[in-house]
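Okay, structure first, notes after.
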Amino acid sequence: MAQSIYSNYPPELSAAQQKFLVTAVKDWAIHNGLAVRPGPTVVPEGGNPNGVLATNAPVTLFPSPFPRTCFTEATALQEVYNKLYASITCNEEWLGEIVKGLIEVDDFVANLWKVHLAVQKEGYAQNLALGLYRSDYMAHVSPAGDTALKQVEFNTISSSFGGLSALVRQMHTELLTSPPGSSINYPSHPLLQSEVPPENTAVETLSSGLAVAHKAYGASKSTPALPLCVAFVVQDTERNVFDQHALSEHLKKTHNIPRGYLGSNIHSRRQLIPTTALPPPHSPDSIFEVTTVYLRAYYSPDEYTSSRDWEARTHLERSAAIKCPTVLNQLSGCKKVQQVLAEPTGLDHLTGFLNDVDASLIERVRATFAPQYDLSPNSKGRELALNPETALNHVLKPQREGGGNNVYKADIPGFLQSLPESDWKGWVLMELINPASNAQNVALRNDGEVLRGDVISELGVYGTILWEDTGKILHNNHGGYLLRTKGKEVNEGGVAAGFSSLDSVLLF
Ligand code: ADP
Ligand code: MG
Ligand code: MG
C-alpha cells in the first residue's frame with residue numbers, strides 16, 4: 001500500500017516546469033507572508049544592516065503523503081495530551097522529584113526551578129496557567145511493515161510554526177486546485193488529483209487560547225484601571241517573526257484584543273508597573289496591563305546571558321499575568337518527564353494524571369510512546385547506549401528545546417564516554433522512529449536552493465488548555481497541524497534550526 005502511494009511521487013519536473021513552479025512558490029510566499037527574516041546563509045553578516053529583508057520560509061514544492069490513520073489518531077489524542085501536561089504541572093511534588101534528579105547536572109533546569117521556588121515563596125499572584133502546545137510525531141513503519149503513530153516529543157514552550165504552516169497548506173491547496181494553464185499549478189499525477197490537505201486551523205486554535213486567557217484574567221488590577229493587552233515575549237534576534245505576526249494579527253482582528261511585543265526592553269520597562277502588570281509593548285505613551293504573557297523566548301540557556309535575564313524571567317513569573325507557559329509548565333516538557341512516562345511503570349503515572357480518562361484512551365496515548373530509557377548504572381538504557389551496534393538505533397537527548405541539541409546513533413557511545421559519568425543522568429536515550437523510507441519531495445530552501453530527494457516527515461498537532469492550579473480545566477481545545485519534511489539522511493529536524501522545510505499533508 002505505502003509502496004504504491006509513494007512510487008513516482010512527486011511527479012518529475014522538466015527544467016522549465018521546475019523553474020515555473022519555483023518562481024510561483026517564491027512569489028506566493030512573499031506575497032502571503034510565508035516568510036522569514038534571512039539568516040547568514042542568505043545574507044552575509046552585515047548585509048542587512050537595517051533589517052528590512054525577508055525571504056521565503058523553507059517549503060516543499062509538493063504536499064507529502066501521510067497516513068490518514070496516524071493523522072486522525074494524533075488529532076484525537078491532543079486534548080488528552082493537553083490535560084496530561086496541565087495535570088503534571090499541577091503536581092509540583094511529582095515534577096519536583098524529577099527536577100531534583102536533574103538539578104546537579106543541569107544549570108538551566110536548576111535556575112528555572114529556582115525561579116519557581118522564589119515566586120512560590122512570595123506566593124503566586126495568578127492561579128491560572130495557559131498552555132499552547134505542539135505534540136510531534138512520525139508515522140513509524142515496523143520491521144513487519146505495519147504503520148503506527150509514534151511521538152517524537154511534546155512541546156510546552158514556544159511551540160512555533162502554527163502561523164506559517166497554515167499558509168503552506170493554503171499554498172499547496174491553491175497549487176492543487178488551479179486549473180491547468182493558470183499561473184500557479186502542478187504537473188499531473190494521480191495523487192495530486194485526489195484530495196487537498198485537510199484544513200489547518202492552527203492560527204485560530206492558538207490565538208483563541210490566548211483570547212480565552214485574556215478574558216479569564218478579568219478586570220484590570222491597577223488603580224486607576226488600565227487598558228488590557230496580551231504580550232508576546234520575543235527574542236530580539238528572532239527570524240521567525242511572520243509566524244508570530246499571524247497569531248498576533250488574528251488576535252487583533254478576530255478577537256479585538258490589543259497585543260504587543262516585548263523583547264530585551266523588559267529590563268527597562270518592567271518596573272513601570274510592578275507585580276500585577278507589565279509595561280506596554282510599542283507605545284511608550286499609553287500603558288497597558290498585560291493579562292497574558294506568551295513566551296516565544298526564554299526556552300534556551302543561551303537566551304539568559306546575564307543575571308538580568310533571570311531577573312526578567314522571575315519578574316514575568318511573579319506578575320499577575322497568565323503565563324504561557326509558567327516555569328513549572330515549561331519544566332513539565334523536559335525530555336526526562338517524557339522518558340519517565342514512557343517507562344513500563346509510566347502507566348501508573350498516566351492513570352494518576354488522567355484519573356477521569358477512559359483506560360482505553362490512556363492505552364492509546366501509551367501506544368504513541370517509543371521506548372525511552374534513563375542511563376543509570378546497570379540499566380538497559382546504559383547498555384543500549386554504550387554498545388556501538390544498539391546505539392545505531394537510538395538518539396540521546398538532553399533537557400533542551402529548539403533543535404540542534406541531540407546526539408545520534410554512532411556518536412552516542414563516544415559522546416557519553418567524553419562526559420563524566422555523573423552527568424549522564426541529564427540525558428535520556430530514545431529508540432529511533434522509522435518513517436516510510438521511500439517518500440520523496442522537492443524543497444525550496446530560503447536561500448533559493450532547490451533540493452530533491454528521499455525525505456522524512458514529522459507531524460505536529462497543536463493544542464491549547466487553560467487551567468487553575470487546583471487542576472480545574474477552563475478550556476481544552478485542539479486544531480491545526482505542522483508538517484516538517486527533511487532529507488532522509490538528516491538526523492535533526494527543526495525548521496528554524498535549518499534542517500527541515502515546511503510542508504502539508506495529503507492523507508491516504
Ligand atoms: P527539540 O525539542 O530540540 O526539537 P526533539 O526531541 O524534537 O528535540 O528532537 C529534534 C529532532 O530529532 C526531531 O525533530 C527529529 O527529527 C529527531 N528525533 C528526535 N527523536 C527522534 C526519534 N525517536 N526518532 C527519530 N528522530 C528523532
Ligand atoms: Mg521541542
Ligand atoms: Mg522537536
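Using N, Cα and C of the backbone, Cβ positions are placed for all residues, glycine too.
Here's what TrEMBL has on this protein:
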BINDING   ARG134, 157-160, 238-240, GLN244, 296-299, ARG484, 495-496  substrate binding site
BINDING   GLU153, LYS335, 397-406, TYR408, 430-433, GLU458, LYS486, GLU492  ATP binding site
BINDING   GLU153, ASN155, GLU401  Mg(2+) binding site
DOMAIN    229-332  domain 'Glutathione synthase substrate-binding'
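The binding-site residues in question are ALA297, LEU432, VAL495, and the one with the fewest Cβ neighbours inside 10 Å is LEU432. Other than GLU153, ASN155, GLU401, the residues of this chain whose Cβ falls within 8 Å of the Cβ centroid of the Mg(2+) site are, in sequence order, ARG134, ASP136, PHE154, THR156, ILE157, SER159, GLY333, GLY402.
Considering only the binding-site residues PRO398, GLU401, GLY404, TYR408, LEU432, SER158 (substrate binding site) has GLU401 as its nearest partner by CA-CA distance. Under 6 Å, Cβ to nearest atom of ligand 1: this is the test, and of the binding-site residues ARG134, ALA297, TYR299, GLU401, LEU432 it is passed by GLU401, LEU432. For the binding-site residues given as TYR299, TYR408, the lowest number of other CB atoms within 10 Å of the residue's CB is seen at TYR408. Shown for the domain 'Glutathione synthase substrate-binding' (229-332): DSSP residue counts in helix, strand and coil, namely 41 helix, 21 strand, 42 coil. Across the fold, the C-alpha of ALA297 (substrate binding site) and the C-alpha of LEU432 (ATP binding site) stand 29 Å from each other. Checked against ligand 2, the binding-site residues ASN155, GLY404, LEU432 give ASN155 as the ones with a Cβ under 6 Å from it, listed in sequence order.
In this structure, the binding-site residues ARG239, LYS486 were compared by how many other Cβ atoms lie within 10 Å of their Cβ, and the smallest count belongs to ARG239. Between the CA atoms of TYR408 (ATP binding site) and VAL495 (substrate binding site) there is a gap of 18 Å, rounded to the nearest whole number. When the Cα atoms are compared, ARG239 (substrate binding site) and ASN155 (Mg(2+) binding site) turn out to be 20 Å apart.
Neighbour density around each Cβ, counted as other Cβ atoms within 10 Å, peaks among the binding-site residues PRO398, GLY404 at PRO398. When the binding-site residues GLU153, SER158, GLU401, LEU432 are checked against ligand 3, GLU153 have a Cβ within less than 6 Å of one of its atoms. For ASN155 (Mg(2+) binding site), the same-chain residues 6+ apart in sequence whose C-beta sits under 8 angstroms from its C-beta are TYR133, ARG134, SER135, ASP136, GLY333, GLU401, GLY460.
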